[in-house]
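**Student:** Structure incoming, see below.
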Amino acid sequence: MAAASRTLAALARRPQALAPALRNARGHAVAVDPHPAAPVRTATEGAVRSDWTRDEVQKIFDAPLMETIYRAASVHRLNHDPSRIQLCTLMNIKTGGCTEDCKYCSQSSSYSTPTKASRLVDIEPVLKAAREAKANGSTRFCMGAAWRDLAGRKSGFEKILTMVKEVRAMDMEVCTTLGMLSPDQARRLKEAGLSAYNHNLDTSREFYPEVITTRTYDERLTTIQAVREAGISVCSGGILGLGEKDEDRVGLIWEVSQMDEHPESFPVNTLVPIPGTPLEGNDPVSHQTVLRTIATARIVLPKTIIRLAAGRHTFNEAEQALAFMAGANAIFTGENMLTTPCSPWDEDKAMLGRWGLRGMRSFEDGESTDVPSQQPGKQPEATA
Ligand code: SF4
């Protein structure tokens with residue numbers, strides 16, 4: 001016992017003796033490191049910059065995690081109301097049969113998965129789903145179609161334009177994800193009232209060819225450019241757990257940081273492995289990696305909404321709360337994501353209420369959509 005005490009006392013005097021053993025496998029500095037990477041703070045902390053170097057972003061990502069989260073939370077408070085979380089509901093309006101070969105996707109026709117292809121849904125079920133989402137506190141309604149692009153889909157596109165127009169008339173933000181867009185298609189979506197268009201870069205430029213071969217990184221950037229030029233908000237982020245390394249997570253954030261205007265929304269998805277896809281056996285990404293990615297994105301993209309997207313249902317309540325502390329300020333809520341589970345509205349309302357969080361106002365209508373989850377002063381019981 002006395003010997004153990006002497007050893008601990010000696011280590012306390014020489015903490016550097018502990019450091020090598022306490023560095024984790026990815027080489028991130030840990031809390032007891034006597035010389036943690038100094039946070040790189042600048043006079044422009046919290047301001048939008050398009051001149052981040054990749055090395056700067058990597059340093060933020062590699063800093064001690066608690067320091068990065070604290071810094072991200074500070075930047076978050078300079079640019080956002082930290083009590084607000086945007087609630088979005090996603091509907092798959094055309095499932096499966098996609099000609100792209102994204103290795104994570106159950107909707108690709110390249111793989112044999114449980115997802116069955118279906119036709120574009122009718123307008124009325126979409127409007128019904130949007131009304132239900134609004135009644136439950138969602139301020140953004142997103143519609144996804146499993147297509148490479150809209151080529152040869154004239155009548156389908158007209159139908160979608162009507163959906164956009166009608167949902168927008170409900171005073172909801174409307175988002176779509178329909179594959180590659182031409183400038184003219186982007187313009188028509190804007191005219192119909194589209195608020196945002198989702199087109200993820202997925203990962204770094206270097207790792208991207210390991211995941212998708214039927215569409216190039218630059219084609220994705222071209223669609224994002226068409227969306228931007230049409231005056232539509234850009235929603236573009238990625239997926240963690242594809243087999244990428246930390247450098248690729250950094251590469252993704254760095255890539256969008258170089259845009260003249262940062263995306264208004266940056267979704268952070270975690271892979272939900274789908275049987276039959278090439279990535280069905282991938283190991284889950286750690287919660288700490290998700291937090292590092294969110295916190296780094298918050299610091300580098302200070303005004304962007306950071307969206308905790310697919311895979312959120314795999315995190316317990318405390319893990320989600322840490323993600324909100326790290327700067328995530330949007331979730332998908334409702335019955336389903338495109339093909340994976342989602343946390344239902346009542347659970348999310350109760351969770352947000354327990355942490356003193358509220359639904360974000362719609363960009364356009366400026367009205368509060370407080371989450372009606374609890375009596376004042378009464379804390380619902382945790383379910384996670
Ligand atoms: S992610 Fe989208 S583009 Fe890729 S295969 Fe799935 S539906 Fe098609």
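Placement of Cβ uses the backbone N, Cα and C atoms for every residue, glycine included.
Not my notes, these are from TrEMBL:
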- CYS98, CYS102, CYS105: [4Fe-4S] cluster binding site (BINDING)
- CYS142, CYS175, CYS235, ARG307: [2Fe-2S] cluster binding site (BINDING)
- 80-312: domain 'Radical SAM core' (DOMAIN)
- 361-384: region 'Disordered' (REGION)
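Quick one: where do these features end up spatially?
**Tutor:** CYS102 ([4Fe-4S] cluster binding site) falls within neither a helix nor a strand when secondary structure is assigned with DSSP, and so counts as coil.
In the three-state DSSP scheme, ARG307 ([2Fe-2S] cluster binding site) is classed as strand.
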**Student:** For CYS98 ([4Fe-4S] cluster binding site), just count the other CB atoms lying within 10 A of its CB, please.
**Tutor:** 22
**Student:** Other residues near the [2Fe-2S] cluster site, CB within 8 A of the CB centroid of CYS142, CYS175, CYS235, ARG307?
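**Tutor:** Result: CYS88, LEU90, ARG140, THR177, ALA196, ASN198, SER265, PRO267, ALA330.
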**Student:** What is the interatomic distance between the Cα atoms of CYS98 ([4Fe-4S] cluster binding site) and CYS142 ([2Fe-2S] cluster binding site), given in whole Å?
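**Tutor:** Distance between the two Cα atoms comes out at 19 Å.
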**Student:** Would you mind reading off the Cα separation of ARG307 ([2Fe-2S] cluster binding site) from CYS102 ([4Fe-4S] cluster binding site), to the nearest angstrom?
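**Tutor:** Rounded to a whole number, the Cα-Cα distance is 21 Å.
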**Student:** Residues other than CYS98, CYS102, CYS105 within 8 Å, Cβ to Cβ centroid, of the [4Fe-4S] cluster site?
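**Tutor:** Surrounding the site, in chain order, are GLU100, ASP101, TYR104, SER106, GLN107, SER108, SER110, ALA146.
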**Student:** Taking ligand 1 as the reference, state which of the binding-site residues CYS98, CYS102, CYS105, CYS175 have a Cβ closer than 6 Å to one of its atoms.
**Tutor:** CYS98, CYS102, CYS105
**Student:** Please give the average pLDDT for the domain 'Radical SAM core' (80-312) in this predicted model.
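**Tutor:** So the average pLDDT across the domain 'Radical SAM core' (80-312) works out to 95.
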